[in-house]
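Below is one structure, written out as structure tokens, with a few remarks after it.
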Amino acid sequence: MPRVIVYNTNADKQVRDFKELAPDAQELIRAAIEARRMAYCPYSKFQVGAAIQTGDGSIYTGCNIENGAYPAGICAERTAASKAVSDGKRDFVACAVVAQQESGFTTPCGVCRQFLAEFAMQRDFPLYCAKPACPPLHVLVTSIRDLLPRSFSFLGNK
Ligand SMILES: [Zn+2]
């Protein structure tokens, strides 16, 4: 009988109760849950919401926006980040991502990890991944550098 190897990813240690999170984090997750309702995803039917808090306390939200020309679509995280940056805010302090998957938490795709890492060069920021029940029971707490260590940078990697 083949031996089953179980990898310990430490993932369980990063899952927290929503109620234990700081009020700012809870508010950010709630904003992402609300933003998810705006998702335009007629092709995948996979709704995603995101929210980014900037240094001045502002919250920018985004949803995924698909397109019949598939690659033209954009993820919720990049929608939220684009709204913040185009409003002059680049100092991201936290990000929340919300989607429904039975198997686990939805984390940002590779493109979004790189996109967000651009704004985490000076300071890493927490990333909260949750399911859309409001309020959610559990939240995966990670960070952008945790998800994408040694990301590409023109400025070199620190
Ligand atoms: Zn993405």
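Note that Cβ sites are derived from N, Cα and C of the backbone, with glycine treated the same way.
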TrEMBL annotation, Zn(2+) site containing C109, C112 - matching residue among C63, C75, C134: C75
Least Cβ-crowded entry, counting other Cβ within 10 Å, from the binding-site residues listed as N64, N67: N67
Inter-residue C-alpha distance, C112 (Zn(2+) binding site) and E66 (substrate binding site) (nearest angstrom): 15
Inter-residue C-alpha distance, C109 (Zn(2+) binding site) and E66 (substrate binding site) (nearest angstrom): 15
Binding-site residues: I65, C75, C109 - member with fewest neighbouring CB atoms within 10 Å: C109
Residues flanking the substrate site, with Cβ no more than 8 Å from the Cβ centroid of N64, I65, E66, N67, G68, A69, Y70 and excluding those residues themselves: Y40, Y43, A72, G73, I74
